[in-house]
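Below: one structure, written as structure tokens.
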Amino acid sequence: MNTTQIGKISILMIEDDKLDEALVISTLERDGLSFEHTAIQNKQDLHTLLDSRPWDVIVSDYNLPAFSAYEVLDILEANNLDIPCIVISGCLNEETAVTLLKKGAHDFIPKHNLVRLVPAIRREVAEAKNRATKRQVEQALKQKEKLLNNIVGALGEGLAVTDAQGRILFINPEAERLLGWRNNEVSGLNLHRLIHYLKADGSPYPEQDCPVGNYTRQGIPYRTEDEIFIRRDGSFFEVSYVATPIRENDQVIAVVTAFHDISRRKQAERELNESRCRLRELSSFLQSVREEERTRIARELHDELGQALTALKMDLTWLLTRFADDQDEMLVKTDNMITLVDSTVDSMRRISANLRPGLLDDLGLAATAEWLLAEFQERTGVEYTLKISHEEFDFDNVLNTTIFRILQEAVTNVARHAKASRLDVELEDCDERIVLSIKDDGIGLIHQAASANKRKPFGLLGIRERVTSLGGHIDITGQAGQGTKIRVMLPKQVITEPLKEHDKSIAG
């Protein structure tokens, strides 16, 4: 602080000689000092006035009858008061002056040289104010630092601060808990070499391969959930962390890494994924069992019931030829029975085809798809187109059955809800996968749900389940009044894991 900027100065004067007091005041006034003062002569008054108000400076005679300048300095020290004390004396040697200065006096001025008094007062008051300002700033910084430490300590995630070279500057209490290290133990150590030297698969993780440094050196934060941190005891935990660079003048000066343990979450995700896989396997197994059962029933209907009905018709036809012409009632009854048998045979064939079309096993997927769509058009009046990328479009039994059932579910859904007039189906053989596209010009997916009385679209759910069980992908899009499009992508190489006996017992 500039001494010329100091306002009115409050002076506590300790002097028992009125003439000396007047001399000091005269000197202050002559040199243009703006001040107010109070003069005292004993320790009791000193204590009282120090407690009553703040003072800018104390001007004290060296030796008074009641007490001395040494006692003044002791009182200031005991009360932890930073008030400049300037000692004045008429006869004092250099050694005593040095002792006073070491004791805490800010200056010593002989009475025959009072010309130094005003500059000394201005200087010491300015320095005292500077010290007070500095203390206020330091106190504010300490309070902010304490608040920051409390905030950092209360964080529910670990925090590690490193310099630009990766050396640890600070870790918070949560980081201490997660890592097993104390902050004072790791200060200055390389963070990567301490807790990040292994990859998730247990292989070494060289520091130069770690993307944290590469990203943060460019000023780019780095985030991941696929790595591990190693604890002090050598154990590890799966971690989610964000490393954020701190920049100053376009230079990275530090990196703040916030992290937390996600081992439980990762384990839960693995268990959930495993459960989903087992459910898909179980679903595939159930579909396989159901398909086998359908095939068996369809075969029995065709082979046994079909043969029995055919034999029955033959017998009825033979019987019809044995009635006399005048047995009209018997002729009509027998003819009705033959008609009923024909109708039953037709129903049996339709039921058998719905259970498991023999075309699928005999002529393959393309012919079966054509038959299904033709039958769909005949039943609903909805025109269709079928585009197949290859004339010989046939795969293994599992894939053929899955594609057929998806198409069957889709056309059933169109017949029930879409109110369509046209259906376009396309089968594509695309390298490693098969693409099935089904598009109608109906009311759209949203209105289909409304027309189905807000029931769950089990047909679409069934399609999704079949696709997922084979590791495929499905997109379903639709807009009101513009129809619905289903696009299914299935891998040619279907990987199916056999169910364990426990799973089969659940399925059965």
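Every residue, even glycine, has its Cβ placed from backbone N, Cα and C.
TrEMBL labels come from automatic prediction, so no person has curated them.
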Checklist entry - Under TrEMBL, which of the candidate ranges 18-52, 123-157, 368-402, 438-472 is annotated coiled coil? => result 123-157
Checklist entry - Any idea what the model's mean pLDDT is for the domain 'PAS' (144-196)? => result 90
Checklist outcome for this item: Taking DSSP helix as H, G and I and strand as E and B, the domain 'Response regulatory' (10-126) has 59 helix, 27 strand, 31 coil
Checklist entry - Name the residues of the same chain, 6+ apart in sequence, whose Cβ is under 8 Å from the Cβ of D61 (4-aspartylphosphate)? => result I14, E15, D16, D17, D20, A69, V87, I88, S89
Checklist entry - Of the residues in the domain 'PAC' (223-274), how many are helix, strand and coil by DSSP? => result 12 helix, 32 strand, 8 coil
